[in-house]
Amino acid sequence: MSGLFRGRVMTGLNVRIGQGYDVHAFGPSDHVMLGGVRVPHRCGVLAHSDGDVILHALCDAMLGALGLGDIGQHFPPSDVRWKGADSGVFVRHCNLLLRERDWCVGNVDATAICESPKIAPYVNAMREGIARLLEVQPECVSVKATTSEGLGFIGRGEGLAAQVVVLLYRLNGVVV
């Protein structure tokens with residue numbers, strides 16, 4: 001490593017990138033929550049909260065970009081307050097943490113990984129809902145889906161997952 005950066009923390013950048021991932025097995029119910037939207041499905045997910053893999057991965061991406069741990073540290077599954085909780089509460093909390101540190105979401109790129117349900121009819125509602133939670137324009141939020149081509153637990157219809165990448169930028173543009 002160059003002596004130039006040895007022992008220094010890189011805090012002077014005006015952008016940061018975070019990546020999040022979440023996965024849940026299917027369980028009894030008639031819907032799944034995805035991107036804050038109730039999507040009818042033959043089953044739900046096994047989770048402590050509402051099990052929204054997109055919003056959980058979004059929280060992890062935001063927290064990771066700030067170096068603030070993960071969703072489990074902020075909302076432990078052992079805490080009964082979060083039993084069945086709306087994952088939008090988690091996203092609003094993470095957004096508050098960003099704002100308190102003078103950061104803002106620049107854009108979100110979310111991918112649901114599932115064989116079913118098909119999410120195309122719900123994508124615009126997801127984008128708009130996530131944008132409201134983050135206080136950004138819907139154009140700053142991308143939501144899409146892919147399958148696992150029949151491979152693994154997702155391919156067997158046993159669950160679903162999501163990956164989210166988030167770009168943060170400084171609200172005031174000041175380098176610290």
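Including glycine, each Cβ sits where the backbone N, Cα and C put it.
These come from Swiss-Prot:
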BINDING   Asp22, Val23, His24, His48, Ser49, Asp70, Ile71, Gly72, Thr146, Thr147, Ser148, Glu149, Phe153, Arg156  4-CDP-2-C-methyl-D-erythritol 2-phosphate binding site
BINDING   Asp22, His24, His56  divalent metal cation binding site
SITE      His48  site 'Transition state stabilizer'
SITE      Thr147  site 'Transition state stabilizer'
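Sequence-distant contacts of His56 (divalent metal cation binding site), defined as residues of its own chain at least six apart whose C-beta falls under 8 angstroms from its C-beta, comprise Gly20, Asp22, Ser49, Ile71, Ser87, Phe90, Ala162. Within the same chain, residues at least six positions away from Thr146 (4-CDP-2-C-methyl-D-erythritol 2-phosphate binding site) with a Cβ under 8 Å of its Cβ are Thr111, Ala112, Ile113. Taking Cβ-Cβ distances under 8 Å and a sequence gap of 6 or more within the same chain, the neighbours of Thr147 (site 'Transition state stabilizer') are Ile113, Cys114, Glu115, Ile154, Gly155. Of the listed recorded positions His24, His48, the Cβ environment within 10 Å is emptiest of other Cβ atoms at His48. Thr146 (4-CDP-2-C-methyl-D-erythritol 2-phosphate binding site) carries a strand DSSP state (E or B).
There are 23 other Cβ atoms within 10 Å of the Cβ belonging to Asp22 (4-CDP-2-C-methyl-D-erythritol 2-phosphate binding site). Within the same chain, residues at least 6 positions away in sequence whose Cβ sits under 8 Å from that of Phe153 (4-CDP-2-C-methyl-D-erythritol 2-phosphate binding site) are Ala25, Gly159. Same-chain residues that are not part of Asp22, His24, His56 yet have a Cβ within 8 Å of the Cβ center of the divalent metal cation site turn out to be Val23, Val45, Ala47, Gly51, Asp52, Val53, Ile54, Ala57, Ala161, Ala162.
Secondary structure from DSSP puts Phe153 (4-CDP-2-C-methyl-D-erythritol 2-phosphate binding site) in a helix. Look at Ser49 (4-CDP-2-C-methyl-D-erythritol 2-phosphate binding site): DSSP puts it in coil. Here the binding-site residues are Ser49, Ser148; the one with the fewest Cβ atoms within 10 Å of its Cβ is Ser148.
Neighbour density for Ile71 (4-CDP-2-C-methyl-D-erythritol 2-phosphate binding site): within 10 A of its CB lie 27 other CB atoms from the protein chains shown. A strand conformation is recorded for Asp22 (4-CDP-2-C-methyl-D-erythritol 2-phosphate binding site) in the three-state DSSP classification.
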